[in-house]
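**Q** Can you keep this structure in mind? I'll have questions shortly.
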Amino acid sequence: MDKSKIRNFSIIAHIDHGKSTLADRILELTNTVEKREMQDQLLDSMDIERERGITIKLNSVQLKYHSKDDKDYIFNLIDTPGHVDFTYEVSRSLAACEGAILVVDASQGVEAQTLANVYLAIDSNLEIIPVINKIDLPSADVDKVKQEIEEIIGLDCSNAPLISAKTGLNVQDVLQAIVDKIPPPSDAIDNAPLKALIFDSYYDKYLGVVMSIRLKQGMLKVGDKIKLMSTNAEYEVTSLGIKTPKIVKKDFLEAGEVGWVAASIKTIKDVNVGDTITSVLNPAKEPLDGYKKLKPMVYCGIYPIDTNKYQDFKEALEKIELSDSSLVYEPETSQALGFGFRCGFLGLLHMEVIQERLEREYNLELIATAPSVVYKVHLTNKQVIELDNPALLPEAQKISKIEEPFVEIKIATPSEYIGDLMNLCQNKLGIYKNMEVIDNNRRILIYQMPLAEIIFDFFNKLKSISKGYASFEYELIGYKESKLVRMDIKLNGEMVDAFSMIVNQKFAYQRGSALTLKLKELIPRQNFEVPVQATIGNKVISRETIKAYRKDVTWKLHAADKSRRKKLLEKQKEGKKKMKEIGTVEVPQEAFVAILKIDD
């Protein structure tokens, strides 16, 4: 194969700027997909992706393009997720490319996520082609957006294609720019030791785990014995090929190509995105750069509302895990919610998507506890434990300090909302770092803050303050010591484990008061008085009381019969006291949902 005719590229964009629509037009113009098979967001395979207008799962497709100079080229388009939760996947798919198309909405301009992905592309030394989309919108301001891209990102936009991916206007110019500007694979040597980058994987019921790969050097044939360099596990290649987007089998793949390989691998957990495949007979000395093992950032307990559905829930998680190796879970029991699972996710969007898939694809009704991050707890005996479940935090006297994950957050916003957004960040314990100017009307705010403050309700508040115009992205910068305490909720003197949370000391009273008040509203009245207490250790920081129903036991007495009246009331009082000692309080479903919204 003539390597000078190969172009490997990704499309990067902020959510809703038209990435998947441009991919659709490229597939149409290169006759990769017949008109009758075409549907919107073709590469987005999940219903949730189409509905939310986001890309979650990576996809790659090989296209053939006949250029203006009458030559045939092979394009490998590697689709990328655009959301902050999937940053590592984006970085690995960019590592499989030589170039990237940067799509910017002509009416919206440069957004926070655009910048995040562009910086990843720059780190990977990719040739970046800016493309300005949606030029047919009445609100489009092409000159302003060109200026933004040049000033903020530093890309020359004098020859940037101006397109409408929806109508197909000028998309042909993008295809020609790919040929002219993106270099062919430079380091692709067929006779060197095999090195192939795994940039995605999924489970197929016939083939087992299928790995999406970019061959950096060497060749790969059916029957070859291969080794995954991060685990040293060895397998034999059973089939390989390319996607067009249909699965097409081939006998071999050469250096520079993008394709797929299957090797009878049973579970997706055995394959790590970013790992290097090499040959058992002639192994490479060093793996490719950039591999890291993905660790969940956000945890929560998920329980089926109908306890009889526990087995169905377990099977549903097992099936989802086949296509999503970043999901982790382990069984968990709660006195309040029964049997469920503690699940770990890459971030909030990942958590929402998994929950939605469980409910929609497997017909389950679920309830989730408040999300939590992974804390590093330093004990007085010099031991350090990592903990994601607030209910398991040791007693205060055994702890010397607690560290929590901090992130650097970048918020792109119209200038008019800056004051309110700075207040929001300060209320979330944000530390101001910098403010960058995009243009006369837009700024980028840079803060550092605890991840725990972002996962609660930061996104909703940011959107409501800015009327939907602000966008943000964040990256983990490490762990820092914080003054954290465990807050428990007691109903009728009994602790409800599902309500436990780790909070900053500064917010403990405020959150405790808000939660006890909310629970007082939501928990139905009983035949006995129920105290609702927020506690830290043995100290009660907030209390509300749910008043008891009172039955009128004296209704049939004569008004003058005072001693009889007193006797009946005493008897009622004794009965209530006994009931209070043995009575349990039913906590309605809404109360568990309320805990997620106590900051509102």
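Each Cβ is built from the backbone N, Cα and C atoms, and glycine gets one as well.
So Swiss-Prot lists the following for this protein:
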{"type": "BINDING", "residues": "Asp16, His17, Gly18, Lys19, Ser20, Thr21, Asn133, Lys134, Ile135, Asp136", "note": "GTP binding site"}
{"type": "DOMAIN", "residues": "4-186", "note": "domain 'tr-type G'"}
**Q** According to DSSP, does Gly18 (GTP binding site) sit in a helix, a strand, or coil?
**A** coil
**Q** Please report the number of other Cβ atoms within 10 Å of the Cβ of Ser20 (GTP binding site).
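**A** Around Ser20 (GTP binding site), other Cβ atoms within 10 Å: 25.
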**Q** Are there any residues in the same chain, six or more apart in sequence, whose C-beta is under 8 angstroms from the C-beta of Gly18 (GTP binding site), and if so which?
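**A** Result: Val103, Asp105, Asn133, Lys134, Ala165, Lys166.
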**Q** What whole-number value in Å do you get for the largest C-alpha pair distance within Asp16, His17, Gly18, Lys19, Ser20, Thr21, Asn133, Lys134, Ile135, Asp136, the residues recorded as binding GTP?
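**A** Those residues reach a largest Cα separation of 18 Å.
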**Q** Within 10 Å of the Cβ of Asn133 (GTP binding site), how many other Cβ atoms can be counted across all chains shown?
**A** 30
**Q** Select one residue from Asp16, Ile135: among these binding-site residues, choose the one with the most other Cβ atoms within 10 Å of its Cβ.
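**A** The largest 10 Å Cβ neighbour count belongs to Ile135.
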**Q** Averaged over the whole of the domain 'tr-type G' (4-186), what is the pLDDT?
**A** 82
